[in-house]
């Protein structure tokens, strides 16, 4: 929730001290980890640091050559991820969330949009700074690799391998491009690990981090493509094309690298904006080639070197398997509202113990439409205001959503819709209350994340009687029928006091019509379903203490991996390498490591999920026993009652707060500059052009009180 104004428990001070200590420890580890990447291309690292570590680790029969890379690269990130889980758990339990205004004032200068147009989209000062530092790291690494590597290439050294100097330099340049590409690859999977602790630890969400995944993906494929082309050119010129078919048993596997590169190029080609928008299914399905890409990348470089990029992929695997387990359940869809603007509101039953923040998203799958397609939708309900309900809004803008709309809007009776979900996912905290005024600018269905924010403000003003910001909602729609989306601002069973407690105003603009063509303010009837007893309320996959459970899964799975792979190395691989004339195949070693990783994650994550499922079942049974028998007419759900009349929604209050403008667009620059208050939070959600326009106004420097934030939405 936005705030907790209840009396602070006695342990608040100790909790904050513990969080500060964890923050400091995480910072120290990350600084050390960054230093390793900076020093990695230097001779100091290769000739002094790494040999010293390998002499201490590689002499062990338990882990061999990969022991050093596990210690240097994989252990620090998993350690940070586990500490992050503890940190986030303590933050979730802590009730002391008063904003530090001075700190916020300092940070706001870094959050101002620096770039508002161009291929990168809207980029804040913080993002631009980190992007430039990352590019500097890549430039530094490549230049040092080339400087040190080319210094050893002479006509004499080239003659030993039957190469000319330029041929040797081209081959080495290809190698160095691959090494730099691996830096990008090591970060590629962090932004798409939705439930990982790394993103919220940095104040990020999975939806907002997708652009980082896109940037990194382009960098990875650019470097790896150049890496492959350098070697292909070198082999063609030196007439060694047979090298392209080599799969070495104890060295780099060329064929595996070619397969990985081919899979990557296919994925890369479908990320072109025109292809992704027009044929989204092609983009979606080809992206599953990441499995082929990663597997053959590991075969290509060997498991020892692959451990450099494995931390991010390891966290992604844990997150992906937990999402898979959650998606196996069928959830309880209790009702739906069909809007005349080709929009649906789906209402699910929710476990009261599940809490989420405003602007969170939920991934939805309807097997009757597609068993493979998962679509993210913004959650419009509020976990405090509606503890047993979770709602999402779906706008028809594709074949999948159109089929669902046709199914639910058909006059034929539908008793049940089979649905699976993943999530919810969202920010760990929000800071809307720190502003004097909130201006929410939306275009079309971009209004959906603001619905959850407004409902949270309703709860805060009603439950805690606290001062909330003045709210100005500026929403633009194409047609007057889209105005019915404003009805979704209020919960289905809202009271008039919930609206009156807010300082709330709506400026709605209908851009393509000069006068209303429909009755925009009518009650939206709900269609009620009859879920099966096996349909479960939406619950957190790891329960209310999800961060602690995630940390336990990470720690136990990695410990299990170390134990099993250590035993395999000690009693199977080591005897072959040292007691016979044979050398254990790199490909087989890589396969065993990947298999053990999957087994370890599968066992520990399944055990954690099974434990929490049993606990959720006990809690539901206790609640049912306390509530007594379910009312007549509701055989399957406490929500459902076919004979119940829909309670009156206070539409009159909403109408009085709304000014509708037909045939014009909002003058955003004027409206933003007219906003009063020392701190005005400007939230925008909608088309790219609208977001860029608002970002440009806030970044202009003409008004110091405007604080911009772009809100991701899914529908």
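Including glycine, each Cβ sits where the backbone N, Cα and C put it.
Feature annotations, reproduced from TrEMBL:
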| type | residues | note |
| --- | --- | --- |
| DOMAIN | 326-431 | domain 'FAD-binding FR-type' |
| TRANSMEM | 20-40 | transmembrane segment |
| TRANSMEM | 70-90 | transmembrane segment |
| TRANSMEM | 128-150 | transmembrane segment |
| TRANSMEM | 170-192 | transmembrane segment |
| TRANSMEM | 212-238 | transmembrane segment |
| TRANSMEM | 250-269 | transmembrane segment |
| TRANSMEM | 289-318 | transmembrane segment |
| TRANSMEM | 547-571 | transmembrane segment |
| TRANSMEM | 591-611 | transmembrane segment |
Inset, instruction - Return yes if the transmembrane segment (20-40) and the transmembrane segment (547-571) have at least 3 CB pairs under 8 Å (sequence gap of 6 or more), otherwise no. - result: no
Legend entry - Segment proximity, the transmembrane segment (70-90) to the transmembrane segment (547-571), 3 or more C-beta pairs under 8 Å: yes
Legend entry - the domain 'FAD-binding FR-type' (326-431) [mean pLDDT, rounded to integer]: 88
Legend entry - Tertiary contacts of the transmembrane segment (70-90) (same chain, 6+ residues out, Cβ under 8 Å): 15, 18-19, 22-23, 25-26, 29-30, 32-33, 36, 53, 57, 63, 186, 196-198, 200-201, 307-308, 310-312, 314-315, 428, 545, 547-548, 550-551, 554-555, 558, 562
Legend entry - Within-chain partners of the transmembrane segment (128-150) [C-beta distance under 8 Å, separation at least 6 from its ends]: 37-38, 40-43, 110, 114-115, 169, 172-173, 175-177, 179-180, 183-184, 215, 219
Inset, instruction - State, in range form, which of 170-192, 212-238, 250-269, 289-318 has the highest count of Cβ pairs under 8 Å to the transmembrane segment (591-611). - result: 289-318
Inset, instruction - May I have the DSSP-based helix, strand and coil counts for the residues of the domain 'FAD-binding FR-type' (326-431)? - result: 13 helix, 39 strand, 54 coil
Inset, instruction - State, in range form, which of 170-192, 212-238, 250-269 has the highest count of Cβ pairs under 8 Å to the transmembrane segment (289-318). - result: 250-269
